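According to Swiss-Prot, the protein has these features:
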| type | residues | note |
| --- | --- | --- |
| BINDING | 40, 46 | NADP(+) binding site |
| BINDING | 135, 136, 137, 256, 257, 300, 315, 316, 317, 318, 319, 341 | FMN binding site |
């Protein structure tokens, strides 16, 4: 089974991603990973740290000459600011006298509302929020994006599947409700300052960010990930944890600052009558076709051959420049929350991270369905399955013809 895990702190020496269970023979390079990490840095409203926190990628294991080996893949993303933090974030004990005059080591005792600071300090017995915020930081998503690059490569090479995303809305901007983008639209989306597919909405999104920045505030928004080219039958109806929608929702909700997930038309479907909530089927030249995709490519926990659509709602960033009211846990007094440098809006970047988690879940589902130790073996298994599906859909194709 495909598994992944990340390690590292925001200001630590490095982040590390480990991917286990990937078949041999998938072509992926450190340049591919760096390209995806660069996409994660995109977006109007990002903070100054995006200009100096470079992502230095080193593949430690599992890939040789640009091809996966079948063993665990370890990827390191170095922190170019490490020399500034080496004493504060050292793994081994440091002489207190050496730390006494280091401003970066000052205890952070005023938790930020909306962040992991408060609950993390109480749960783990910390007198300082530093150990919490270092791991809870969205900087960790860089390691996920690195892992997801391997999953993307597998999906593309094994199944011809492409995963992309775009921003639906930022703040109070009008949400985009048109058709989802296609694979060829991704370069234009990434070229947009807010990663918007709808150019008409771009100016409104930018204006929302500018207004929030002027007011010393932050903004959230909604992104949509789309997976194109999926076969019928990934996932299962047999048990709740085997349903692909439950796996996707869990993976996307696990991203920092994501507060809601919907598949397809999601909550809109709940307001419709059944006759207008589902996707009717008709005979087509290659089998069954549909005129709508309200289900977002999933029915009964399984892919149905339609484009997969997953939307995620991101809350405004918890580190608010004008600072929110809190309690100093060292004294019990009223206080204003600590302020770390941060973004005004990270919604465009969140779309890339949502893509990543969708790709990882889909790659796992595909490997569970088709198996194999090498890409070539998996491709043979996929081809046999697709022939079987085509045979079962042949009656509909004959009727259409």
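Note that Cβ sites are derived from N, Cα and C of the backbone, with glycine treated the same way.
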Cα distance (Å, whole number) from residue 40 (NADP(+) binding site) to residue 135 (FMN binding site): 18
Length of the line joining the Cα atoms of residue 257 (FMN binding site) and residue 40 (NADP(+) binding site), in Å: 15
Cα distance (Å, whole number) from residue 40 (NADP(+) binding site) to residue 317 (FMN binding site): 16
Alpha-carbon spacing, residue 315 (FMN binding site) to residue 40 (NADP(+) binding site), which is rounded to whole Å: 18
The one of 257, 317 whose CB sees the fewest other CB atoms within 10 Å, among these binding-site residues: 257
Fewest other Cβ within 10 angstroms of its own Cβ, chosen from the binding-site residues 40, 135: 135
Neighbour tally for residue 137 (FMN binding site), based on other Cβ positions within 10 Å of its Cβ: 19
Local backbone state of residue 135 (FMN binding site), from DSSP in three classes: helix
Binding-site residues: 315, 319 - member with fewest neighbouring CB atoms within 10 Å: 315
Rounded distance in angstrom between the Cα atoms of residue 40 (NADP(+) binding site) and residue 137 (FMN binding site): 14
